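Notes for the one structure printed next.
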Amino acid sequence: MEKYQFIKQVGDGAYGDVIKAIDVKTGEIVAIKRMKKKFSDWKECIQLREIKALKKLKHPNIVKLLEIILERDELFFVFEYLENNLYESIKDRTKLLPETTIRNIIYQILQALHFMHTNGFFHRDLKPENIMLVGERLKIADFGLAREIESKPPFTDYISTRWYRAPEVLLRCTYYNAPIDIWAVGAIMAELYSLKPMFPGSSEIDQLFKICTIMGSPTSATWIDGIKLANSMGFTFPNVQPPSINPLSTLLPNANQDAIELITDLLQYDPLKRPTPLQALQHRYFKVSIPSSILLKPNFIELSNKYLIKNGYINNNINNNSNYSNNNNNNNLNSNSENLNNVNKNNQQPHSPQKIQTPKPKNSFLRKSRYSYLNNVSLENVNNNNNNYNSNTTSGYYNQKLDSTPRLSPRIVRQQQQQILLPLIIQQQPPPQSQPPQSQPPPQSQPPPILTQQQQQQQQQQQQQQQLPSKTTIYHNTNHLNAPIPPNHQRGISPQFYNETTNNSKL
């Protein structure tokens, strides 16, 4: 760690502390996370989920990992330094945030979650303290509790800060998955409008009561699994009927109707009914002008959604919903997407949202060669409903296994294309025209030679002798018939063959 000079400690947690430092050579300010656990070798270090997640998740809305250092059994993560987080920006604020600012923040959080979930990870500890701000750009940090979507449950029941914890986690469910991040986004969005936590419970039971007070208690019709979880732990939901008028309209008077609808969708009890990040991004709440500085290159959304379509992680039986309409109301949508709308007309599966024209980022994971199979994507028709997740089996891409097929290099892809196309090209080639054989003149018959009378008689005698059977040929091969049959004679082996083999064996 001689490369860095420590400045001050800026944070402390259960798993490690964060130190502000400076690179001695370059003068760059960095944030170093020092793990409290001791590690003897690299084999033990690479098993950390945080390392697995940060190595794979490279995105403009995710904090950048610069390097990992193991020194004297201490493990250090070196990140880019981001001074402010969302909690510090709103805790001492007295004036409400503009709606455009809230929209831009939630939009970037959903972009990051969409990238994380489609790459097989969910955060599990989403809260304002872990959302870093640098100008208009937002970045999610602290992946210490991140898990892979395809990892096998049970999971830890005590995760994330209690105020942003999903109901299924509060009920000690160990089979939760990525929708818990969606619940946290809904709680954060409501807090941005009110500048105070939406559900500030003092305990898990108090947290559930505060949720029921605002959202109403779940029923067997709205969340049958939640009723079963509550009964298994001896908990009974309070008898709070959902009000006819959404209470969020009263609690968040500065939020428009679209914002109230989106928060209500994000805070649904049943995790299977919560929208995916991609569906939330298509809500009409975002059908306004978004600053180009926070928009991502189309590939960030296009590639991930094409991956979902290709592997069937998006439910095809989703009906239309006005909240997720396909109207092209966003002025920032890329006009070039019209040229791609005809690519998948025959494909009845839903497609990703329309492209957004932004400068091409420098991230290496956007190289076209690695995603060459995802280039031509139609962006018109989108999976538009967030309510039709109620099925007996787990639907959506949350609880599906992600494709683990390794990406192929362009050279191997070209070789495979040649192996597929070459037989087709050969079949399409016309067969060679067969030329008729050239007619040859018939051979001229030569006249028979003139024989004398004596020669003719000799020739006739030779022909008569050839037609008569010979005595020697008739009885020539009958000597073996009188040979004695051996006692061990087998069917299919003649005695003559047996005598010859026995004589040879004696020799």
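First residue shown is number 1, and so on along the chain.
Keep in mind that glycine also has a Cβ here, set from the backbone N, Cα and C atoms.
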Candidate from K3, K25, K33 that Swiss-Prot assigns to the same ATP site as V10, G11, D12, G13, A14, Y15, G16, D17, V18: K33
Cα separation, D125 (active site, proton acceptor) to A14 (ATP binding site) (Å, whole number): 13
Residues V10, G11, D12, G13, A14, Y15, G16, D17, V18, K33 binding ATP per the record - widest CA separation, whole Å: 14
A14 (ATP binding site) CB neighbourhood, other CB atoms within 10 A: 7
C-alpha spacing of D125 (active site, proton acceptor) relative to D12 (ATP binding site), in angstrom: 16
Candidates V10, V18: member of the binding-site residues with the richest Cβ shell (10 Å): V18
G16 (ATP binding site), number of other Cβ atoms within 10 Å: 21
